[in-house]
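Data block below; observations after.
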Amino acid sequence: MTDTAAAGPADYNYAEALQKSMFFYEAQRSGKLPENNRVSWRGDSGLQDGADVGHDLTGGWYDAGDHVKFGLPMAATAAMLAWSVYEYRDAYEQSGQLEAMLDNIKWATDYFVKAHTAPNELWGQVGNGGADHAWWGPAEVMQMQRPAYKIDASCPGSDLAGTTAAALASASIIFKPTDAAYAEQLLKHAKELYSFADQYRGKYSDCIKDAASYYNSWSGYADELTWGAVWLYMATEDDAYLQKAVQSVNEWGTDGQTPYWGYKWTHAWDDVHYGAQLLLARLTGDSRFVQSTERNLDYWSSGTSQGERIRYTPGGLAYLDQWGALRYAANASFLAFVYSDWVEDPVKKSKYRDFASRQILYMLGDNPRKASYVVGYGSNAPEHPHHRTAHGSWSDSLENPANHRHVLYGALVGGPNADDTYTDEIGNYVNNEVATDYNAGFTGALARMYQLYGSGQKPLPGFPVAEQAEEDEFFVEAAINSSGPAYTEIKALLNNRSGWPARMGDKLSFRYYLDLTEVYEAGYTAADVTVSAGGYNQGAKVSGLMPFDTSRHLYYVTLDFTGVKIYPGGQPHFRKEVQFRIAAPQHTSFWNPGNDYSYQGLTSTLTKTPYMTVYDAGRQVFGKEPTGGAGPVVPMPPSGLSAEAGSGKVTLKWNGVTGATGYIVKRADEAEGPYTVLAEQPGTSYTDSAVSNGTTYYYVVSARNVAGMSPDSQSVSALPKQPDQPDQPDQPEEPEEPEQPAGDLKLQYKTGDSNASDNQLKPHFRIVNTGDKAIPLSELTIRYYYTLDGGQPQQFNCDWAAVGCAHLSGSFTKMFNSSDGSDHYMEVSFSANAGSLPAGGHTGEMQLRINKSDWSNYNEADDYSFGPAITSFTDWSKITLHRNGQLVWGLEP
């Protein structure tokens, strides 16, 4: 080993390094973030975790630069962090980091408590590794399914349960001085988990098989049984746990053909016997543990008595493995610090302490590259860690953007190669990976470095400074699609490239502004100008002309993508297209788009334009509105409302309102009300099929836009009834038109995909209870009718449901008598634990999918239940709802 660096221990601010390591753990948080969240570019994520199994498994840490929550390394990390507080609490307190450290550990232990859903049941993973790693985007907008995996008595995992018990027991010790009740709660779960681990033996990766490709339990579970017992003894002072710990070491493996327990590795997520033997040496003084600990530390530092020594890089890094080389050196350094604090031999004390100090200094910048390996700390620090959310791609690509949008302060990267070389590239997941377990021992070692060399050092004041968006997160790209003497057609793409934090854009809209001066000068008005979206449209609702500043003849069109998911998740998700045409009356020639505000700068090539303003839930987030103008005004009430009664239905029609983007239809049983909402829709007609013949109904309609909702229209009434049948015995009777069942339930529908020819059906449902009594959901079933177009097996998928996908199941039935548009139906049922549908309430959205096992296409064009134009929830009688087997809504085909 050569010492080529000249920096000394006093040249580094360990308080700052600790401060930034705390930030890294906060950046790894999953779930609903707390009010004191300091990572300005992180938002809530993984909020449906556990829904597939009926448990709240939100929270915890994402493992690394991906978004799987792997229980084994998370627990190993939490235990190591808690151990460091146990050893060096004063260092955290004096450096101003104790509160942040306890918050970070609690974020993990709260999750472990949630995941321990029964004495012998522990959920050990959320998210599928393959599905997660196939997508490169920010955590806040994940859309893939995130299955939960568990161990239990029928398929145990002593390693996972044992190390989680260690994490909870060690945490109970450090929380006891400040929160005794919480400490007691953690200890209770630790005891139950250890009993589970001890009684039901097995490797967790044999049960949670997806974990085997990422965190396989190579060392088995004997070391975790010792580790858990040691910490439970330290937390309880119950000798029974110490006896279990000592007895369990007989099951430890040895190194090759030697009689020695493993000594050529170090403490890590898989093998924790190194930390266990150190603690047992200190607790018992037993020479077996003392000698084994020193053999391991000698191997890492001066070499063993047999002359064996770990490989060192030319620059002085103890180099165990290319995967996370710095992580292993940091873990070994933490163990060396802890042991040097206890051992009395001054030579050994100095040797182990010097070894640990040199390794940590190498990581902070005392190396041939004179470079820090901690993101955002020191000189020449890494800028391109392999981390999805810190990178902030909107296009599902490691290459876009070229540079990370965010600084992942405090993250220790994997480290250099064996020759001290290093490449700072995002795709270099060997050298540039980051993970919670990479920082665990490193953080504890930093605490000891602070005590030894950082007396009086302070963390950075005002850290962290909240990041501000450095680029537009939402905007419109537009081009002239075509034009003529009396029209202009625009192609526009609404972008969501959000990253501060990334967020779902399902309430986005934008405006196109026009100057109609030439229209009025020609003797026409805004009412003579038509707006349509007859071309390509990925879900926008197009308004009519809305007044902006009528004194100057300024108007605008709203292109509303509310209900369409636009999010930074790759093509085609981060932007959606709409082609719309604005036209003067035919055979006129006065049309002139050149004076239109939003026409500025447009060509036949897509161009980002600030002259089309973007709104999120009505709040402007991009662009410049024209000067002047009073902005949108609340529309007038609709006029001309009429009601035509039929058998089992009432058809309503009304006149469109200038400036309205939609209409709310309401119904009452009496003229004075109260009126309840039946539907919200963009059109000017509506058929109410949830009526009973012989009953009089009263209706009003109001208009809405972003400025608000108009007063109600004049009311109208209608009396649906059976048509009179003439007495004509010699004529055959006409078959009765099927009637919509009367009742308090109705089914609302919208399509998740208007394309009639693809390999998935995507119906979205919502059940509404208009009655005055709650209804158990388990009594209800939904039937969706369609043609299979083949004989392949089918699969039911729930992408999201407000009631929880775990409470939904789907089955498929081939109809005995097929009819036009249907030869099968999908039946959706609710579990007994789904709860009740409250009076006057609804279930919330259910987003479902059907596909064939071979992923071949369906042809939905003639499917009975398919409504390609229904993109917002609408009462839909072509889907049936049943209660306890009886039809209560809809018309069967």
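From the backbone N, Cα and C atoms, a Cβ is placed for every residue, glycine too.
Look at TrEMBL and you will find HIS386, ASP424, GLU433 tagged as active site. Taken from TrEMBL, the feature domain 'CBM3' applies to 469-627, 741-893. Look at TrEMBL and you will find 634-723 tagged as domain 'Fibronectin type-III'. Residues or ranges marked as region 'Disordered' in TrEMBL: 710-762. Summarising the annotation, TrEMBL assigns compositional bias 'Acidic residues' to 730-739. Residues or ranges marked as compositional bias 'Polar residues' in TrEMBL: 751-760.
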### Query
Per-residue pLDDT averaged over the domain 'CBM3' (469-627) comes to what?
95
### Query
If you draw a 10 Å sphere around the Cβ of GLU433 (active site), how many other Cβ atoms fall inside it, taking every protein chain shown into account?
21
### Mapped DSSP class for ASP424 (active site), helix or strand or coil
coil
### Task
List the helix, strand and coil residue totals of the domain 'Fibronectin type-III' (634-723) as derived from DSSP.
0 helix, 41 strand, 49 coil
